[in-house]
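One structure below.
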Ligand code: F6P
């Protein structure tokens with residue numbers, strides 16, 4: 001069993017609101033349990049460059065409400081190489097660090113698992129932090145709730161102007177290969193159509209749907225396009241539709257990186273606190289190569305191996321069907 005004394009924490013990949021509450025929870029839970037804590041800047045990049053600093057309870061004061069990550073983040077290619085991982089290991093060893101918490105998405109976990117298999121004397125725990133909500137082993141990932149609320153706020157505003165001008169808007173949202181944000185935002189904003197990567201978009205059906213809306217005197221229409229949709233982005237789909245739907249004034253909005261920022265919602269603050277607390281306690285209990293998640297409102301611990309191999313995108317048929325019925 002790994003008995004740990006000094007823990008390091010990093011955030012990696014795309015930042016997500018809720019990472020800061022999670023960092024605060026990790027630091028304070030570890031100190032409460034008598035562990036030393038080290039923060040690593042810019043994810044695996046900082047690990048390789050030995051960019052680390054000791055963290056105390058006051059170093060995480062007043063960060064619950066902050067978006068982004070006080071530790072900064074990066075997408076680090078050198079950590080994918082054996083040489084990069086060896087340097088990272090030496091940097092941890094020379095500081096006496098025997099446990100590592102990584103907050104991020106599947107790319108972050110892939111790096112952590114590989115590292116942990118090569119250097120099992122450093123215990124590793126993952127915390128799911130990504131707005132995409134695309135990780136097996138946790139119903140929710142950090143940042144998803146806040147990002148969805150940000151999207152909803154933006155689409156509500158677009159609906160005002162769409163309605164005023166009787167316009168059709170194609171709005172592209174983030175999520176990489178996952179339509180989780182698009183689907184929740186679509187239900188919440190009463191979108192006329194939601195295009196997801198998990199479902200082949202039938203352009204003919206979309207056009208029928210929009211024409212039927214016109215005949216039912218809908219004054220505005222909103223089509224949400226998840227960025228991973230197979231037909232391309234919102235501009236591509238708008239062009240396909242433009243050729244066939246007449247009398248509609250069509251506009252396109254790409255929401256982009258504003259979806260990643262902002263003060264974390266209550267849900268993400270609580271989730272970050274719970275997952276950080278659970279991650280440290282799991283390490284103290286001797287666990288490694290695992291990920292902490294939330295399922296049915298309880299903490300669940302899944303092996304990183306399973307989290308990565310079970311990774312799949314399933315269409316939430318029931319929600320999709322409901323969204324279609326409610327937007328008639
Ligand atoms: O994974 C989070 C995410 O915001 C995705 O939704 C998006 O595809 C990607 O990151 C964008 O990455 P970057 O900020 O590196 O352009």
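Cβ coordinates come from backbone N, Cα and C, glycine included.
In TrEMBL, annotation is done automatically, which means it is predicted and not curated.
According to TrEMBL, the protein has these features:
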- 14, 75, 76, 105, 106, 107, 108: ATP binding site (BINDING)
- 24, 25, 26, 27, 28, 159, 190, 191, 192, 216, 218, 219, 220: ADP binding site (BINDING)
- 106: Mg(2+) binding site (BINDING)
- 130, 131, 132, 167, 174, 175, 176, 227, 251, 257, 258, 259, 260: substrate binding site (BINDING)
- 132: active site, proton acceptor (ACT_SITE)
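Distribution of TrEMBL features across the structure.
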| residue | record | DSSP (3 states) |
| --- | --- | --- |
| 24 | ADP binding site | helix |
| 76 | ATP binding site | coil |
| 106 | ATP binding site | helix |
| 130 | substrate binding site | coil |
| 174 | substrate binding site | coil |
| 190 | ADP binding site | coil |
| 220 | ADP binding site | coil |
| 251 | substrate binding site | strand |
| 260 | substrate binding site | helix |
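Rounded to a whole value, the Cα-Cα separation of residue 107 (ATP binding site) and residue 190 (ADP binding site) is 33 Å. In this structure, the C-alpha atom of residue 14 (ATP binding site) lies 38 angstrom from that of residue 218 (ADP binding site). With respect to their backbone Cα atoms, residue 106 (ATP binding site) and residue 130 (substrate binding site) stand 9 Å from each other. Checked against residue 75 (ATP binding site) by C-alpha proximity, the binding-site residues 28, 130, 218, 258 yield 130 as the nearest. In this structure, none of the binding-site residues from 26, 28, 76, 218, 220 has a C-beta falling under 6 Å of any atom of ligand 1.
When Cβ neighbours within 10 Å are tallied across all protein chains shown, the highest count among the binding-site residues 174, 258 belongs to 174.
Site extent for substrate: among the recorded binding residues 130, 131, 132, 167, 174, 175, 176, 227, 251, 257, 258, 259, 260, the largest C-alpha separation is 33 Å. Among the binding-site residues 106, 132, 192, the residue whose Cβ has the fewest other Cβ atoms within 10 Å is 106.
Residue 130 (substrate binding site) is 10 Å away from residue 108 (ATP binding site) when you measure Cα to Cα. With respect to residue 218 (ADP binding site), the closest of these binding-site residues in Cα terms is 251, chosen from 76, 105, 130, 174, 251. Between the CA atoms of residue 130 (substrate binding site) and residue 192 (ADP binding site) there is a gap of 27 Å.
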